[in-house]
Amino acid sequence: MVQRSKALHLRARGVNTVPGLYPGCITSGCIWSPIGRRTIGPAASRFGREPVSVVFKVYCLSVMTMVAATYTVVLRYTRTISSTAMYFSTTAVCVTEVIKLFLSLGMLTKEAGSFGRLKASIVEHVFQCPKELLKLSVPSVVYAIQNNMAFIALSNLDAAVYQVTYQLKIPCTALCMVLMLNRSLSRLQWLSVCMLCGGVALVQWKPAEATKVQVEQNPFWGFMAIAIAVFCSGFAGVYFEKVLKSSDTSLWVRNIQMYLSGIVVTLAVVYMTEGTQVIQKGFFYGYTPWVCFAVFLASVGGLYTSVVVKYTDNIMKGFSAAAAIVLSTVASVALFGLQITVNFASGAMLVCISIYLYGLPKQDTTKLPRADKDAKQKLITV
């Protein structure tokens with residue numbers, strides 16, 4: 001009777017229950033599966049975020065902000081200020097994919113717990129699943145385009161302008177979620193999307209100029225590169241989410257599948273665009289400690305974001321994006337001589353506000369379904 005009342009109580013709160021793993025125990029829909037699998041069921045989405053202290057959340061937020069801002073500024077520095085021979089951006093994108101592959105292998109090794117289970121998982125999901133590799137080659141190609149566009153954009157736009165304009169990934173992702181995943185947006189989210197587009201339009205109306213940059217720049221090509229990058233980011237992100245939800249395969253296994261395809265794609269891009277020069281000068285021509293640092297940040301940043309998503313909410317991620325814009329602006333003024341204009345300041349402020357509004361949780365004003373009411377009534381009578 002106690003077990004039955006517990007189950008009814010949980011169902012009345014909208015939590016699906018299944019028999020527990022131990023006698024006398026009820027679990028809220030959380031089913032763990034062997035290596036190469038992930039948590040499935042409602043609990044995976046509702047209770048996936050583990051309770052952590054505020055200090056740890058602030059730490060995650062601070063590191064994510066610093067990585068995002070530092071990567072943008074360092075990459076801009078290597079493309080415009082560094083006096084050494086210019087490196088090949090396509091090789092940097094390829095090296096980034098290789099590092100991500102090894103980092104994902106390390107995380108999968110930790111998840112597996114033993115080398116034997118790791119080997120079995122890789123053989124099962126990589127060598128015996130060519131269709132899955134082909135499926136993951138779609139986001140690999142799109143991400144390769146996005147990463148190469150980022151180099152073109154930061155070669156033609158200031159880091160702060162890039163950071164603000166790149167927030168267009170939010171409406172692009174929202175549009176892809178509506179079309180591909182049948183998600184819905186609240187009125188406040190649609191309003192914030194319009195505000196964000198208006199803020200970006202203000203920033204791009206007359207882009208702020210940097211006085212310390214000596215290389216020739218084309219703001220129009222920079223904006224076009226960002227436009228392509230944000231569309232690629234939105235589509236690839238939603239596509240990858242759809243692939244993850246279509247099976248119970250581990251996130252790290254999916255990452256390995258995607259990065260293997262990504263390495264092949266980026267290598268092809270290297271030799272199709274700059275193959276002759278790479279053969280003559282070498283794959284790592286022009287690499288400096290700053291270039292290596294930028295590649296490292298690009299590799300770690302994407303994987304660290306998944307940790308931040310697990311332990312923080314949308315509001316904190318919105319603050320992180322706004323803080324990254326502020327830090328990039330301060331660094332651009334100091335390093336590149338960025339001249340702040342009224343349009344830039346107003347647009348950046350509007351973008352920061354819209355990011356905050358977009359991340360606010362939806363208010364649940366709906367009433368309990370009839371089935372839940374009946375379950376709640378039964379609970380009272382038990």
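One-based numbering along the chain as shown.
For all residues, glycine too, the Cβ spot is worked out from N, Cα and C.
Keep in mind that TrEMBL annotations are predicted by a computer and have not been checked by a curator.
So that you can see what the record holds, here are the features copied from TrEMBL:
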TRANSMEM  54-74  transmembrane segment
TRANSMEM  86-109  transmembrane segment
TRANSMEM  188-205  transmembrane segment
TRANSMEM  220-240  transmembrane segment
TRANSMEM  252-272  transmembrane segment
TRANSMEM  284-307  transmembrane segment
TRANSMEM  319-338  transmembrane segment
TRANSMEM  344-360  transmembrane segment
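Between the transmembrane segment (344-360) and the transmembrane segment (86-109), the number of CB pairs under 8 angstroms, six or more residues apart, is fewer than three, so the stretches are not in contact.
Residues of the same chain lying 6 or more positions beyond the ends of the transmembrane segment (284-307) and with a Cβ under 8 Å from any Cβ of it are 60, 63-64, 67-68, 70-71, 74-75, 77-78, 82, 84-88, 91-92, 95-96, 99-100, 103-104, 107, 147, 251, 255, 277-278. Sequence-remote contacts of a segment are chain residues at least 6 beyond its ends whose Cβ falls under 8 Å from one of its Cβ atoms, and for the transmembrane segment (252-272) they are 36, 88, 90-91, 93-94, 97-98, 100-101, 104-105, 107-108, 111, 121-122, 125-126, 129, 132-133, 136-137, 139-141, 143-144, 148, 240, 243-244, 278, 283, 303.
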